[in-house]
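Following: one structure in structure tokens, then a few remarks.
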Ligand code: PEP
Ligand code: MG
């Protein structure tokens with residue numbers, strides 16, 4: 001590229017791997033290009049700089065002879081500083097001596113150098129090695145071994161690196177950055193790592209080496225002219241202009257936004273390194289879009305360059321700045337976003353909460369790899385200890401999970417499951433708090449949250465993704481708020497609206513309970529009459545928000561006793577409301593109790609035994625269609641089907657309701673009736689069910705539960721042991737079990753389609769938003785996936801990547 005790079009020799013991933021194992025390359029040959037008195041720098045060059053790795057080691061080759069020479073060139077003080085720095089770095093990183101050994105050695109210049117060399121000698125009983133071969137061998141080995149060490153490997157794996165990720169090393173002649181004329185070093189990049197917006201970013205420091213300019217203390221200056229202080233642009237305008245050109249050229253030639261590490265030696269620019277710039281997810285999107293818009297990479301590649309899961313982070317929520325707030329702890333803002341949930345103190349408790357569909361905040365002293373499972377299901381994490389690179393922070397960012405670490409003013413009592421806040425207030429498991437990982441504060445309760453902003457680059461990338469994507473993406477949305485988020489993220493409809501959540505409002509719950517308590521169908525119908533207008537209003541609102549996009553409404557699913565009170569106080573107030581003796585109410589509640597409610601009277605079984613409930617819901621849906629207008633075609637979904645006859649019975653009644661509404665209103669409307677496949681039998685018998693259903697939607701939560709015979713409410717208790725011991729590779733409630741549950745999906749899809757060519761297939765369990773599940777469903781010929789609203793962009797991008805990759809593979 002005709003860049004002014006000092007003489008450089010690169011060592012490949014394989015060579016570095018061999019070096020870590022003790023097999024050094026031919027050192028004489030390696031050193032030959034650098035002359036008799038080499039002064040070198042060794043730089044890491046890993047597959048992905050975001051995965052971390054050892055820092056560069058400078059001034060390798062520094063010895064007594066070169067010191068004399070350097071004293072002439074740059075003066076004794078600067079030469080001593082260079083030598084001292086190398087001896088210290090070598091002692092700590094190569095000879096593995098205790099860094100404390102240099103504490104208290106305060107002398108500078110040649111005196112200081114003598115002191116440091118004697119300290120080294122005293123500690124090792126050897127003189128500091130003078131031979132460049134010995135020095136370089138030691139440096140290469142220490143860097144290679146640091147990369148292959150367990151801690152480094154685990155850290156980068158947490159960032160998504162494969163187990164065998166490679167490290168290259170680059171041996172380069174030092175461009176000193178010290179001496180006469182304008183000398184110094186710095187780094188430059190042309191966009192912001194935070195936002196990806198054009199902005200000359202970096203620092204320069206005269207008479208410095210490596211990345212010194214980036215350190216806070218000292219005399220670094222700005223690069224471009226800046227009202228806050230002096231700049232390289234003013235100090236050395238020609239060098240500044242060259243650096244801009246080189247960095248811009250690298251962007252075009254390397255097809256990537258680069259950071260240039262440079263040295264200026266007596267006014268002359270040396271480019272030492274070009275590294276793919278670090279970037280936040282927001283910046284990653286903007287950089288990829290800008291590269292495509294500038295014609296440097298095709299749009300397909302821009303789509304592939306953004307990690308779908310990273311979008312979650314840029315789409316994070318914030319605490320409404322205008323809302324009242326009660327700060328109860330402060331710490332380090334480790335991973336952005338805000339979330340509210342109930343406190344849990346262990347991963348097991350987090351998993352148990354998640355299986356009850358409860359949002360939880362995991363509080364730990366600090367986290368370790370054992371906590372990853374709990375973090376996966378928590379909505380936020382708070383730790384007492386740790387910094388910005390602690391385990392909790394790294395993993396939290398990776399997962400896009402709001403996270404505050406190092407909140408040292410809180411105090412955990414893990415025996416009692418309590419946490420004492422700075423003001424002495426004690427919170428218990430189950431208390432609600434909000435973690436704001438953007439500002440590093442913890443708030444009491446659940447203040448209103450603002451949805452994230454979406455910028456133009458995000459919109460552009462999403463539009464391109466939609467052009468390539470060949471599987472639909474809908475959202476699971478139960479409330480108008482969810483539906484609005486889904487629309488904002490361009491979901492192509494609602495794939496699952498769970499109607500039970502609509503009955504938990506205070507005003508409705510009592511009527512719902514009256515309905516449940518009704519002894520006769522007529523009484524039940526009377527209670528349902530009251531629920532009808534409320535339910536109709538719910539649907540009108542959803543239809544209006546979704547503006548003609550399909551809305552798939554699931555008929556009532558949970559066992560009825562879930563709506564009943566379980567404590568004395570609740571039973572007493574229900575007895576009041578129903579004007580019944582407490583003992584009658586308690587008795588009825590007991591009657592409704594089941595040994596195995598998830599396998600009991602729920603889903604379509606309710607629809608068969610108490611058909612008035614589904615009649616009311618169907619009527620509410622149809623009347624809402626007429627009220628909302630605009631050609632809405634609702635989809636009605638029957639849950640927990642296991643037999644064809646269930647579908648026939650429900651279908652007949654729904655057809656009757658539709659006919660009645662059409663006659664009463666004198667207006668026409670269409671609807672589609674479908675079946676939720678969430679029992680293994682429904683998947684196996686899809687061939688006989690499909691003729692009665694316009695669509696099949698696989699509910700992989702229940703299907704996983706029933707395929708494994710594994711309670712989704714209780715699995716958290718032993719899931720960790722199971723995964724640790726390799727019984728399951730992953731928690732199947734999080735990552736779809738392709739082998740077992742997946743086979744049922746394939747069987748259901750094939751038998752269903754064989755029986756009915758135009759059958760629409762989808763997935764609406766929690767797995768629907770996982771890029772891996774999307775791949776599976778796409779291959780099985782599904783029409784769409786449905787996932788929680790915030791995962792819609794992730795799913796859209798993941799789906800586009802699959803289509804692009806397939807196209808690229810078939811072109812090769
Ligand atoms: C399912 O079972 O996958 C599903 C989507 O329904 P729910 O989680 O409401 O049981
Ligand atoms: Mg279900």
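Note: Cβ is positioned from N, Cα and C throughout, glycine not excepted.
Copied over from TrEMBL, here are the features:
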- 391: active site, tele-phosphohistidine intermediate (ACT_SITE)
- 455-803: domain 'PEP-utilising enzyme C-terminal' (DOMAIN)
- 498, 554, 678, 699, 700, 701, 702: substrate binding site (BINDING)
- 678, 702: Mg(2+) binding site (BINDING)
- 764: active site, proton donor (ACT_SITE)
For residue 699 (substrate binding site), nearby residues of its own chain (Cβ under 8 Å, 6 or more apart in sequence): 496, 639, 676, 677, 678, 764, 765
Among the substrate-binding set 498, 554, 678, 699, 700, 701, 702, as the record gives it, the longest Cα-Cα distance in Å: 15
Recorded positions close to ligand 1 - of 391, 498, 554, 702, only those whose C-beta is under 6 Å away: 498, 702
Cα-Cα distance linking residue 554 (substrate binding site) and residue 391 (active site, tele-phosphohistidine intermediate), given in Å to the nearest integer: 41
DSSP three-state assignment for residue 678 (substrate binding site): coil
For residue 554 (substrate binding site), nearby residues of its own chain (Cβ under 8 Å, 6 or more apart in sequence): 496, 497, 498, 499, 637, 638, 639, 676
Environment of 498, 554, 678, 699, 700, 701, 702, the listed substrate site - residues of the same chain whose CB lies within 8 A of the CB centroid: 496, 557, 639, 676, 703, 764, 765
Sparsest Cβ surroundings (other CB atoms within 10 Å) among the binding-site residues 700, 701: 701
Count of other CB atoms lying within 10 Å of the CB belonging to residue 678 (substrate binding site): 26
391, 498 as recorded positions, winner by CB count within 10 A: 391
